[in-house]
């Protein structure tokens, strides 16, 4: 109340002197401090700078005004447009579906590195979201290969039992392993698959599979291993199943791809349920990628019957090698920042 009274008294005194002919102030007005001269002090959001104009002539009125200045805004970070973000996710899903139908894999081999590199996800969320997107893609690929009779249902059933159990175990391990270990384990898996596809070219002819107790047990163990890889790395397991089907069970490349896609359905569902409970699945992104992957899986399944086994193996190895190199570069940069 005292400050307000003093300000009002000062205003009336200056106005009276101006009207009565006293053109000069007895004492100059107090200048604002340095913190109020356009540069706010620490913690000040707005600076009020008073302005005292001298009277122009006798009888003129003295008016007082104040200007408000704001601190300069920091430069804003340019974020990518949301439309471009969703378009990139759609392209990632479409590419994953095309590779899924062509090579009998879930597409996570490509989707996980792209989600980490371009979508900004960490390794855990990228693996979980990719595994969720694999489900509709695997269903579409299974129907496409079943239409041409390129699925071994008996072998697929044995692998699926082990795959469901292994996928649950892999998804549980996903929340306990450090990101650095997980990243380098995935890079090692991709490198081994690329080398394996370059060394052994799968045949196009189909060899009959004698499903004995030993063969069924081996298929169960294969499903267990691929299930762990599925839940841990966000892949459908086709990276492991297709070469194993060809090398140890005498399947042709086309039948191995179709059987691999059929096994991915229960395996991916089991891992996704566990990841969902652990709050790792980004649902909207996963649904978008899954829808786009479903559309292109049919095209890939049609192309798988046209491409020769040698060309398909070399293309597959090249794609996997590129993905491994991208993840390795990112892992090295992350290690340097730490």
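Yeah, the Cβs are placed from backbone N, Cα and C, and that goes for glycine too.
What TrEMBL records for this protein:
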- 18-38: region 'Disordered' (REGION)
- 86-106: transmembrane segment (TRANSMEM)
- 126-146: transmembrane segment (TRANSMEM)
- 153-175: transmembrane segment (TRANSMEM)
- 181-199: transmembrane segment (TRANSMEM)
- 211-235: transmembrane segment (TRANSMEM)
- 241-265: transmembrane segment (TRANSMEM)
- 286-305: transmembrane segment (TRANSMEM)
- 311-332: transmembrane segment (TRANSMEM)
Cβ pairs under 8 Å between the transmembrane segment (86-106) and the transmembrane segment (311-332), at least three: yes
Contact yes or no, the transmembrane segment (181-199) and the transmembrane segment (286-305), 3+ Cβ pairs under 8 Å, gap 6+: no
Of the listed stretches 126-146, 241-265, 286-305, the one with the highest count of C-beta pairs below 8 angstroms to the transmembrane segment (153-175) is 241-265
When you check the transmembrane segment (211-235) against the transmembrane segment (126-146), do you get at least 3 Cβ pairs under 8 Å, counting only pairs 6 or more apart in sequence? yes
